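Some features that TrEMBL has for this protein:
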type: TRANSMEM; residues: 7-26; note: transmembrane segment
type: TRANSMEM; residues: 38-58; note: transmembrane segment
type: TRANSMEM; residues: 109-130; note: transmembrane segment
type: TRANSMEM; residues: 142-166; note: transmembrane segment
type: TRANSMEM; residues: 172-189; note: transmembrane segment
type: TRANSMEM; residues: 210-230; note: transmembrane segment
type: TRANSMEM; residues: 276-300; note: transmembrane segment
type: TRANSMEM; residues: 312-331; note: transmembrane segment
type: TRANSMEM; residues: 337-355; note: transmembrane segment
type: TRANSMEM; residues: 408-437; note: transmembrane segment
type: TRANSMEM; residues: 443-462; note: transmembrane segment
type: TRANSMEM; residues: 500-524; note: transmembrane segment
Amino acid sequence: MFDKIMRIIGISFAAFWMIFTFLEYWQYHEEARRALDFFQYSELVLVLLPVGALLVFLFHRFRGQKWMDYTSSGLGLTVISLLLSLVLINGFFYENLGSFLSITENTTFLGTLLGVAGGVYFIVLVVYANGRALRQIFAPDLSLSAPGLVFVALGIIALVTLLFILGIFGGLFGFILWPLLLFTLFLSWRSAWHFIQISLLRPIGIFKDLNILGLSIYYLLGLFVLMNFIQVARPYPTGFDAMTFYVNLSSLIRDYHGLVQGHGAYNWSLFMALGLLLYSKISITLSLSFLGSLLSLFALYNLGRKWLDGNYSLLVLFIFYTIPMISWLSYRDMKVDMGLLFYSLLIVSVLVEWLRPAPAPPKREVPLKAVKKIKNKKVSKNSSPPGAGFRKWLEPYLPAIFREHPHLVLIGILTGFALGIKLSALIILLALIPAIAYAKGNWMAFGATTSLSMAFVLIARLDSQAALRPLHLWADQLQWLLLLIGLGLSVYLFLKHKAIFLRILRMAMVCAVLSGLFLSPWLIKNVVESRSLSVSGLTNGKTASPSPGIQEIKEIYQNQQNGN
């Protein structure tokens with residue numbers, strides 16, 4: 001009965017949230033309404049609809065045939081995407097200028113797209129291969145439903161760590177990075193070849209479970225992704241925040257060949273700087289920001305598949321990706337928010353897998369012929385996975401928590417890197433601990449951790465960072481009330497359920513310590529720059545420009561008026 005009530009509450013809240021979000025966007029995003037009121041691409045839509053219908057029919061009718069396997073591979077989908085991009089760009093020019101692009105212009109356009117996509121693909125190849133090797137070394141027994149996303153996430157963490165170390169010594173040069181990346185790729189060549197196979201050569205597995213509805217949504221979603229990518233492949237940023245801060249920061253990293261003073265923690269901007277450090281192309285830097293939205297789609301699909309089938313999961317992706325703000329961050333104002341969203345969704349996905357492990361698949365009887373074939377098959381003595389030897393040597397030195405709760409360790413690492421992207425990821429950490437307390441403890445542990453988390457937010461005045469403090473009624477009194485409730489419940493939990501208290505405390509400490517450990521390089525950098533242990537010094541470091549107070553600005557203005 002309780003589970004049924006909670007399910008009804010969850011569905012009602014989700015429905016209310018969707019309706020509220022939809023109405024809010026229509027109210028505050030007038031450009032979306034104007035775009036529909038003055039829609040000027042009806043002829044292009046009339047071309048894309050029959051093309052989509054034909055593709056959906058072919059993929060549904062000839063599914064499983066050999067030639068369709070080639071078509072549904074990464075290479076086949078790339079060819080289809082290039083053809084669709086020609087339709088899109090020529091339709092755009094025809095609607096606005098009344099003429100199509102010439103053959104030379106179309107060739108240049110395709111070459112630009114392939115160049116940008118190839119540059120990003122190489123970086124993803126490197127991070128996937130290195131992330132797969134790291135997982136094999138530190139957590140070979142970690143079971144994940146979408147290991148590829150974790151490989152990419154861990155590879156990005158390793159690559160950004162390398163860039164940070166080189167940046168300390170002013171060593172961010174292309175002639176240093178290229179040999180290092182190629183060397184790491186050589187060391188993990190098996191993982192690199194595996195990624196090439198699953199991303200380009202093998203059929204994409206998603207098509208097996210899709211019906212006509214799912215294939216249609218996949219086509220529409222692909223069009224939106226393709227349109228955004230075409231707009232990203234440009235030589236300069238267009239969004240205000242991208243020009244003045246995020247992409248500008250990546251450009252400064254290239255100019256200084258090292259870390260830039262101030263700006264807080266900027267993991268994703270450091271990652272985006274690879275577009276300039278390796279290729280000297282702003283378009284690839286923008287595409288690495290766009291990569292965050294693409295990875296977020298994969299992470300959201302993986303999360304949705306825990307409750308929904310492939311068709312409805314794609315519908316969730318389509319609704320999500322067509323939200324005006326998500327589209328804005330995916331093609332116009334290229335910031336770090338989509339990279340942060342990818343890590344946030346991945347953290348939630350790993351948390352769900354840890355707290356609600358999937359049931360083991362039913363055992364199937366193996367035919368006698370297959371058993372004999374397996375017994376007679378020769379196994380190479382050198383068939384151990386890469387990194388197994390180093391893992392065996394490292395095993396005695398690893399803390400026990402790595403073996404007992406590898407998911408928790410991974411969550412702590414991902415959360416620490418997310419904090420290095422944007423400090424607003426602290427919300428994730430403060431929400432993780434109550435979730436763990438509820439799943440691994442009881443209602444009392446959940447109440448204690450929730451009260452303490454909310455008290456921390458108010459006492460540390462984190463709500464003032466977004467100018468929300470004036471909107472929180474009685475916040476100054478509520479913060480101490482929440483603190484007393486949290487401490488009281490914690491003491492009661494310790495006295496009545498000591499084992500649960502110690503277990504939750506240990507898990508919370510693991511999350512917090514690992515998160516702080518992976519954020520600590522930025523904190524140390526900021527303290528060294530600012531020579532201050534204040535909150536501002538820890539989080540922002542030394543500002544690149546002076547920050548005078550109101551009185552100082554007034555004096556400067558008066559001196560200028562007096563001619564001094």
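Easy rule for this one: first residue shown is 1, then count along the chain.
Just so it is clear, glycine is given a Cβ too, placed from its N, Cα and C backbone atoms.
Not measured: the values here are computed from a predicted model.
With Cβ pairs under 8 Å as the measure, the transmembrane segment (443-462) is packed most heavily against 500-524, out of 109-130, 142-166, 172-189, 210-230, 500-524.
Here the transmembrane segment (38-58) does not lie next to the transmembrane segment (337-355) in space: the count of CB pairs under 8 Å, restricted to residues six or more apart, is fewer than 3.
The stretch in 210-230, 337-355, 500-524 that contributes the largest number of Cβ pairs under 8 Å to the transmembrane segment (312-331) is 210-230. Remote same-chain partners of the transmembrane segment (337-355), defined as residues 6 or more beyond its termini with a Cβ less than 8 Å from a stretch Cβ, comprise 143-146, 149-150, 153, 268, 271, 289-293, 295-296, 299-300, 302-303, 306, 326, 329-330, 405, 407-408, 410-411, 414-415, 417-418, 421-422, 424-425, 428, 432, 435-436, 439-440. Among residues of the same chain six or more beyond the transmembrane segment (172-189), those with a C-beta under 8 A of the stretch's C-beta atoms are 125-126, 129-130, 132-133, 162-163, 166, 253-254, 256-258, 273-274, 277-278, 280, 386. Long-range Cβ contacts of the transmembrane segment (210-230) within its own chain (Cβ-Cβ under 8 Å, at least 6 residues beyond either end) map to 48, 52, 55-56, 59-60, 81, 84-85, 88-89, 113, 117, 287, 290, 293-294, 297, 310-311, 314-315, 317-318, 321-322, 327, 330-331. With a cut-off of 8 Å between Cβ atoms, the residues of this chain six or more beyond the transmembrane segment (500-524) that come close are 157, 161, 164, 264-265, 267, 401, 405, 408-409, 411-413, 415-417, 419-420, 429, 432-433, 436-437, 440-442, 445, 449, 490, 493-494, 538.
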